[in-house]
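S.K.: Would you mind keeping the following structure in view while I ask a few things?
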Amino acid sequence: MTAISSPINLFEYEQLAKTHLSQMAFDYYISGAGDEITLQENRAVFERIKLRPRMLVDVSQINLTTSVLGQPLQLPLLIAPMAFQCLAHTEGELATAMAAASAGTGMVLSTLSTKSLEEVAEVGSKFSPSLQWFQLYIHKDRGLTRALVERAYAAGYKALCLTVDAPVLGQRERDRRNEFVLPPGLHLANLTTISGLNIPHAPGESGLFTYFAQQLNPALTWDDLEWLQSLSPLPLVLKGILRGDDAARAVEYGAKAIVVSNHGGRQLDGAIASLDALPEIVAAVNGKAEVLLDGGIRRGTDIIKALAIGAQAVLIGRPVLWGLAVGGQAGVSHVISLLQKELNVAMALIGCSQLQDIDTSFLHL
């Protein structure tokens, strides 16, 4: 295979990133749970759906702008929450945040970030407007959750994105085989500043990561959402919904947006692909909350397919990590710009100049 020095698509970024990352880090980022069936399906479903272009439409001016929860975006994508970004580059989440903000798009920061939520917010504050959400869990230690929410609100995050598909960690066999640990010098930056945490001593692994895994709460129910919403006025986004009845219930319990997601295929192997779940969820929500989607986005045409079925925007994950590994902020910026260019070209070729006009008539399902 010819060596790739300047990637021209997201798949080439993945190939090049492998040469920049340790095997343990690459496997952590790329792997799914179990046999990785859901991981593969997230991509395969986009390849199965074909497009039906319209001809002789004026596409001389393509408009990619949209909004999510009233916050403007220059294109319909956000950076998905991803842990441990300093595994890919020393600037980690700071580089990602700078790239997202400079492109006029949004970023969802993971609780398990290796740069603190305050540091990342400061980067975003240099751009106006800047869309940053904070991803979190409701931990067994409610004091930990409360502290994170209060810090996110004080730092200026625009929404709380609650991950609901992780009552326990999925069976990620590559990580087990590699005995995955955080390298020396990397920390869960959002937890190191919280006093009073009972961090276990775990030889050969990160005590903080062990503590976090123990804090996942399999006893959570819908009723716990009321407590979370009482902590701040920030809108609540639920990430990890795959059923229409759950989506309808999310709206009843106050969610302002839903991210249709199977955690990148990293939780329940054999779960439905995100795009396959999207139509039922859009119908169930019926315009009462905004619907977003993550999982499998690699091309501008993929974004069109998700929007046609009813997503307001999409989130991209692993390709951002590949860009980060290859070139830091510049690499992430290039990944975003590649998708933006592909989306712009695809919009012209399907005969549609406005995102709001994309619908299922453009799809061959």
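Keep in mind that glycine also has a Cβ here, set from the backbone N, Cα and C atoms.
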S.K.: Name the one residue among T163, T221, T360 that Swiss-Prot lists for the same FMN site as P81, M82, A83, S110, Q135, K239, S261, D294, G295, G296, I297, R298, R318.
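M.R.: Within the candidate list, Swiss-Prot flags T163.
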S.K.: Please work out the number of neighbouring Cβ atoms within 10 Å of the Cβ of Y28 (pyruvate binding site), leaving out its own Cβ.
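M.R.: That number is 21.
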S.K.: Give me the mean pLDDT over the domain 'FMN hydroxy acid dehydrogenase' (2-365), rounded to a whole number.
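M.R.: It averages 94.
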S.K.: Around the C-beta of D294 (FMN binding site), how many further C-beta atoms are within 10 angstroms, looking at every protein chain?
M.R.: 27
S.K.: Based on DSSP, name the secondary structure state of K239 (FMN binding site): helix, strand or coil.
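M.R.: Assignment for K239 (FMN binding site) reads strand.
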S.K.: Using a Cβ cut-off under 8 Å and a sequence separation of 6 or more, which residues in the same chain sit near H263 (pyruvate binding site)?
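M.R.: Looking at Cβ-Cβ distances below 8 Å from H263 (pyruvate binding site), excluding near sequence neighbours, one finds T163, D165, A166, G170, G240.
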S.K.: Helix, strand or coil for H263 (pyruvate binding site)? Use DSSP.
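M.R.: DSSP assigns H263 (pyruvate binding site) to helix.
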S.K.: Determine, to the nearest whole angstrom, how far the Cα atom of D294 (FMN binding site) is from the Cα atom of R266 (pyruvate binding site).
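M.R.: Rounded to a whole number, the Cα-Cα distance is 13 Å.
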